[in-house]
Amino acid sequence: MSEVVVVRGRLVRESSVVDDGVVVASGGRVAVAGSVADAVAAGFGADVEQVPPAPGTYLLPGLVDLHNHGGGGASFPDVTTAEQALPGVLEHRRHGTTTLLASLVTAQPAVLLERAAVLAELAEAGEIEGLHAEGPFLSHRRRGAHNPADLQEGSAELVRDLVRAARGHLRTMTVAPEVPGVVGPGGVAEALVEAGVLPSLGHTDGTTEQAETLIAQVRAGLAAAGGAIGPLTATHLFNGMRPLHHRAPGPIAACLAAAARGDMAVELIGDGVHLDPATVRSVFDMVGAANVVLVTDAMAAAGVADGRYDLGPMSVEVREGVARIVPEPSSGADAAEGAIAGGTAHLVDVVRLAVRAGVPLVDAVRAATAVPAHVLGLSGEVGALVPGARADVLVTDADLRPLRVLRHGAEVSGVAGSRDDVVDTDVVGA
Ligand SMILES: [Zn+2]
């Protein structure tokens, strides 16, 4: 672990780029991140000398994905062993996501508890940072790819059971404020904050006022708890929400206002499918990069072939990289059929697309690194290349294609051209 690793390139910091940048990792931690002169001054001159300058590459902090259902053929909401989930974690890691939350989807309570217990093993092994529960306290109307039969009213008891089953590794949970039992005393939001789990507002058909109520309650609860985590997030803003209308503004208006105040961080699935690039660019402009979290909402097909996949209890068809719920012929007309069912991009792709949409590079990177790290209470540990942080480094070419990934200072294998090496062993129901 005392091995010294030196990488050079254009170092992307929170608000600037160091053109001839250097990251020196020692013992799995960042020893120096700055200019060549900084590294020389810290006593690493001899080490740096052995590595040529690399002006055509970027050095980014390892990416942090708060919303991710799988990849490489593995579906986190469907795994019955930790081994089945690992290919999904590694698929994203090879593309630079060194910290991720494994996201569940709405399912029967017993299934959620089982999955949480399995994925907690991966958290305990240090492979994932923890779990995100997307549901089951969500809007029927805005359920997207979630199984309508498994949606339910808010239950603080189920929250506590889930926290226990996840052995402390449940980190966030998506809730809709208008669902009975979510806001107010004794509700789900209160139980989450008490357990140190961050509520995330989403899959909601609620009013602006209902969203404001949840945001205010969580904000006060987090402050009373000492503010170690937060702010609360909006689960993929715009997707799975009542659209913004000027006479019926719905939750989006409340989320944008809260983000502009610094009381919320809004997730954006900036993959070119879920949102128009102009929406992504505009939100960065409106609320500032410090209040945006880029996410993938990736599902099993990320990094592998089109086809039929499971997403919890739902069947999903992926065509040309776009995942949609498969309509059931027996169920008749239904607004949620054909709904987009997660993404197939890696987070580095989302960063690249945000930059192409017109978001400054440092802002796009910040929204995929420092901001989600802050939300999880991990600032200084991950999400920024600063002395003492985990030596999680994503090296890319000038077009933000991954060339090399370090995690805890160790080389992640299979990075360049890994797409061709991936064997889809876990494709279900094809
Ligand atoms: Zn999701």
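The backbone N, Cα and C atoms fix where each Cβ goes, and this holds for glycine too.
Automatic, uncurated: that is what TrEMBL annotation is.
Residues or ranges marked as domain 'Amidohydrolase-related' in TrEMBL: 58-400. The predicted model assigns the domain 'Amidohydrolase-related' (58-400) a mean pLDDT of 95.
Other Cβ atoms within 10 Å of the Cβ of His203 (Zn(2+) binding site) number 29 in total over all chains. Classification of His203 (Zn(2+) binding site) by DSSP places it in coil, neither helical nor stranded. TrEMBL lists Glu134, His203, His236 with the feature Zn(2+) binding site.
Under the heading substrate binding site, TrEMBL lists Ala145, Asn239, Gly240, Arg247, His274, Ile340, Ala341, Gly342. A coil conformation is recorded for Ala341 (substrate binding site) in the three-state DSSP classification, outside any helix or strand. There are 27 other Cβ atoms within 10 Å of the Cβ belonging to Ala341 (substrate binding site).
What TrEMBL records for Asp297 is active site, proton donor/acceptor. In sequence order, His67, Asn68, His69, Ser103, His236, Asn239, Ile269, His274, Gly342, Gly343 constitute the residues six or more apart from Asp297 (active site, proton donor/acceptor) in its chain with CB-CB distances below 8 Å.
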Zn(2+) site shell beyond Glu134, His203, His236, criterion: Cβ within 8 Å of Cβ centroid: His67, Gly135, Leu138, Gly144, His146, Thr174, Ser200, Gly202, Thr235, Asn239, Gly240, Asp297
Count of other CB atoms lying within 10 Å of the CB belonging to Gly342 (substrate binding site): 34
Candidates near ligand 1 among the binding-site residues His236, Asn239, His274, judged by a Cβ under 6 angstroms: none
In sequence order, the binding-site residues (Gly240, Arg247, Ile340, Ala341) whose C-alpha falls within 10 A of His203 (Zn(2+) binding site): Gly240
Neighbour-count leader, CB within 10 A, binding-site residues: Arg247, His274: His274
